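Enquirer: Sharing a structure with you now.
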């Protein structure tokens, strides 16, 4: 019985496609895939980085759905991409001297929060924080779009690639933050970035969940974002004050 390559459509003889190099067997994504992604994927710097980024900024949702269905050989692995981009972003933030969080000089909370140490911690652990956000976002999208039939690991892949797309945009905006080092302008840019994040997530979700109407997809995207950031902030605040 012949096997058809899920990536290029050629007939496969053996374990790998002779035309594109994709594995003949592409199982549904599971926990083992995620573990291998984190362990091995970061080392594959020569494989698919720029192609994946191009796809994420031209047809993000369609590309992610095709990846989940089996077209994987040309792509940089999802969680590894987040680690790489988040680390690069944190290094730029550190060298440019930009703070993640600013204290309010007139707020009583300034006495409760050590902003310099918090910013230092976030800079040192930004890749970890970015990774921790992915399962939280995935929980939100899994609940919001549960009727679409994707398992939790597939939602993890979706949100990892979506996070990578946003990280690239954040890197591109860093020069603006550096050049306009003014609290009011920074606040304006931060608010605009929140709105842009929502649009980017909606772009991914609306293409990925193609059977869901655009209006419903937008509402469920907002619901996912509110759920994810609420859960994450509650956990983060509890951790900060109890550590």
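Any Cβ shown, glycine's included, is placed from N, Cα and C.
Those TrEMBL annotations? Automatic predictions, nothing curated.
It should be emphasised that the depicted structure is a prediction, and the values quoted were computed from it without experimental measurement.
Taken from TrEMBL, the feature transmembrane segment applies to 79-101, 121-145, 157-181, 187-205, 217-242.
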Enquirer: If you count every Cβ pair below 8 Å, which range out of 79-101, 121-145, 157-181, 187-205 shares the most with the transmembrane segment (217-242)?
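Expert: Top-ranked stretch among 79-101, 121-145, 157-181, 187-205: 121-145.
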Enquirer: Report, as numbers and ranges, which residues of the same chain sit near the transmembrane segment (187-205): CB under 8 Å and 6 or more residues beyond its ends.
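Expert: For the transmembrane segment (187-205), the far contacts come to 60-61, 64, 141, 145, 158, 161-162, 165-166, 169-170, 173, 176-177, 180, 217-218, 220-222, 224-225.
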